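Annotated in TrEMBL:
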ACT_SITE  Tyr540  active site, proton donor/acceptor
BINDING   198-204, 267-273, 280-283, 332-338  FAD binding site
BINDING   Arg478  substrate binding site
COMPBIAS  1-17  compositional bias 'Polar residues'
COMPBIAS  18-37  compositional bias 'Basic and acidic residues'
DOMAIN    166-348  domain 'FAD-binding PCMH-type'
REGION    1-39  region 'Disordered'
SITE      Arg383  site 'Important for enzyme activity'
Amino acid sequence: MSSPNESSPENLRNIDNGSERTVESVKNKISSDKNKNESANTMMIKVKSAIPRRRQDLLKWYGWGYKDTMFKFSSESAAFTGNRYSIAGKCLPHLPQWAIDNFGIDPDSPPKIPEAPSSFAESRLPENVKDELEMIAAVSVDGMDRLIRAHGQTLKDIANVRNNNFRRIPDAVIWPDCHEQVEKIVQCASRHNFVIIPFGGGTSVSGAVTCPENEPRPIVALDTSEMNSILWLDKEQLLARVQAGIVGQDLEREMRSRGFTVGHEPDSYEFSTLGGWVATRASGMKKNTYGNIEDLVVQTKVVTPKGVLEKSCRVPRVSCGPEWEHVVMGSEGCFGVVTEVVIKIRPVPAVTRYGSLVFPDWESGFWFEREVARKRLQPSSIRLMDNEQFRFGQALKLENSWGGVLLDGLKRLYITRIKGFDPLKLCVVTLLMEGTEEKVREQERALNGIAARHGGVPAGAGNGETGYTLTFVIAYLRDVAIEFDIVAESFETSVPWDRTLALCRNVKTRVRDECLARSITRFLISCRLTQTYDAGCCIYFYFGFYSGDCENPVETYEQIEEAARDEILACGGSISHHHGVGKLRKKWYAETVSEPGRQLLLAAKNALDPQNIFAVGNMAFDEHNTEHSVKSKL
């Protein structure tokens, strides 16, 4: 890669210590600087992905995560299989009783694991179009390849895939490996009038990649996973240009092997992609240090039916009207395909240290987090769990140990007996601090001091690390829950500080009332405060109920969650903090952005994709009304 700021010979006159420098000396200096710059830059790195093209060879086709990784139950104990996570292969003797107490399940009943489907809807892609696409990139019309890319990870998605109940799946899957191939695919779609749905890691929990069921045109899933190279890495400017299909764990592994980190770590980062983060305006657990995706992105390259959308310069900031980069971020596949992203990187921190704090109740923990945010002392990650989640942590403790977000014996005795904390009220904050040894030590001391003013006490690094890493395990619980007739899901919001406590209280009350109105008595609603800002925070809710006596469990869950979201909006919260809108939350979109905002979205669609090639139907776009063009709505 060439130096980004080379001067022409005509401009090589300079003043140095009061004397003119010769053109030749300056040329030599530039040549030397260029060589240093090139030696600091890494040329293209073709990454070997942890996730194969045939995802079903490694990942579950009917749920979350790896095939060899799952919870297994009996009345005596539970276990988490595989060897990929800290609790893998360990006995979890308290989990079955927790499930019995909260949901009334029979842990000895056989789990309802589905059989892989043997028949699929016939592909509608014309043979001549398939032949043309095969001249560009690899194509598959295999039923399982298509089914896997027909959905994300919402509760409804998983229920449909387990029953092979989708009314529409893609008619083909195509795997481009570079920007130029994507351009050709989009041009082909414009000529032949078929639909493209971009597909990254398949972790969406908004219905964003679900095929519009009434779409009459052929649908092609454009799988970005082969576009996973690091095109260059500039160690001096701390930038990298990366293809958008790279998976989070691959990106971080490659960066760390070279002494750098991206630092973007959403719960889904093992499977989600860089392009998906951009398309949904994602946030990660360490955003306090590294920023959300909008803070990390310097430049994007997007293929739309009207051409390539990309800024002409790679600079830290511009003032030339509205920032079109932010039209791309959060566009949810409606305008085109993100192919390349320039992102910021940082050196791997010298010290990474975990911590945890215990508070007597949720309010005390909340006011601690509020003061930390007000003073801008947030560590990389700081998360407050309510008492229901604390007790769930007890259920995940390992045999003969105090694991999860629990305390060892001495700390437990001190907190519950000497400090007098009620185990049915206390809450836990987990911490992750990164930086120099001095900075981390100072931060830890400051956080402990603030915690003490709010009645909190330190609970150890081990508990903090376990609580942080268990985040990656929680998603597997939804699958085993379904097998025992429990439907469960999470949903999040952002909310101003002054409305947070009321919102959490009111949403929990609303969910309880909705359950009781439907005679649902075995349920759990909990929350955690996961990200903090100057103006507010992100709240994550977890809700599940026993559905053995319920005629339509998924529909019932959706009705209750919809009521909870109405309550969130009434309390001043948002429809989403980082999951996006998709199809699941689109009913609240116009209310959130205003009618002129909705019209701006439709205008952008008309400018970039007037044929509705990217007919995914997210946000304000109607996936069912295909006889009207986008233009006719304006």
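Every residue, even glycine, has its Cβ placed from backbone N, Cα and C.
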Spacing of the two Cα atoms, Pro198 (FAD binding site) and Tyr540 (active site, proton donor/acceptor), in whole angstrom, works out to 27
Averaging pLDDT over all residues of the domain 'FAD-binding PCMH-type' (166-348) gives 96
The number of other Cβ atoms within 10 Å of the Cβ of Ala282 (FAD binding site), counted over all protein chains shown, is 26
Among the binding-site residues listed as Gly202, Ser272, Ala282, Val338, the Cα nearest the Cα of Tyr540 (active site, proton donor/acceptor) belongs to Ala282
One should report the C-alpha separation between Ala282 (FAD binding site) and Arg383 (site 'Important for enzyme activity'), rounded to whole angstrom, as 17
Gly202 (FAD binding site) and the residue listed as 'substrate binding site', compared by Cα position, are separated in whole Å by 16
Row Ser268 (FAD binding site), column other C-beta within 10 angstroms, all chains, value 24
Close in space but at least six residues away in sequence, with Cβ under 8 Å from that of Val338 (FAD binding site), the same-chain residues are Pro198, Ala244, Gly275, Val278, Ala279, Thr300, Lys301, Val302, Val328
By a 10 Å Cβ neighbour count, the lowest-scoring of the binding-site residues Pro198, Gly202 is Gly202
